[in-house]
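These come from TrEMBL:
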DOMAIN    22-301  domain 'Aspartate/glutamate/uridylate kinase'
BINDING   25, 26, 27, 28, 29, 100, 205, 226, 280, 284  ATP binding site
SITE      34  site 'Transition state stabilizer'
BINDING   99, 104  substrate binding site
């Protein structure tokens, strides 16, 4: 068995959790401007937050960001205006976001992912990386709370998650489950964590989602990215083909169901590896395949589009509509 997919330490409370509606991954490239240091894509984040509210909340809701924004002297929402009789129902939801233009600079310059906390540069980079990613986490929590989603920021490091040889070793999900049971929406993120073999490393959001899906079994998972889905080659190439449906088999292998491509598996693997030096899409596909093998449908779709709105609402039937753009990864029948 692949070491990274072996059972990891967790709390039995997760096994008794009520059904989880979905897990949503906000890709760092979709919610930040990746070429501009620590810059949020405000338009995308606003649209995604609105789509999450529309898909996850039934009934009227209050904005929950009561903090003073930079440049303002007042708090926009005050308790005196709160209607305590207003009732809304939020589906059980977990959001995990990537770092995008937050954290990557600090981590890469200091080599946090390679470990070595005994080195002052690495230790400083660990602190700087966490300052950056938690800053982004707070802004995402604010954006979702403004839409009425009862969001709570939760950092893997602070929750005691750790790795061994860069694979999850300890990941107690009981705090996440308690937050869900209390009616909150946990907002997790890729994080700098301690590693028992090399001192420290970076735990990616895609790996976090795979672990949460294994433990909590959501009805479906949605990856929101900056492209429409998975392509057979870099999507910037003019002849790139969107892979609409990928099926995962019991042995862990996968194949392209729609559209029919000759030697589709090898084409995708080679083309992705060639243009994605960070391993981002490779990691996304491999983790999505593990989730799909559990019988959980995974949708990879462009954020802030009508297609992402449909995916978030769970409106995609077994036969994917012709007018929907995205990639579905699911267990073979």
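Sequential numbering from 1, following the chain as shown.
Glycine is treated like the rest: Cβ placed from N, Cα and C.
Features recorded in TrEMBL, as mapped to the structure shown.
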residue	record	contacts (Cβ under 8 Å, 6+ apart)
25	ATP binding site	95, 96, 97, 98, 205, 206, 209, 221, 222, 223, 224
27	ATP binding site	97, 98, 100, 223, 224, 225, 226, 303
34	site 'Transition state stabilizer'	28, 100, 101
99	substrate binding site	28, 32, 132, 133, 136, 189, 190, 205
104	substrate binding site	28
By Cβ count within 10 Å, point out the most packed of the binding-site residues listed: 29, 205.
205
Do you know the mean pLDDT across the domain 'Aspartate/glutamate/uridylate kinase' (22-301)?
89
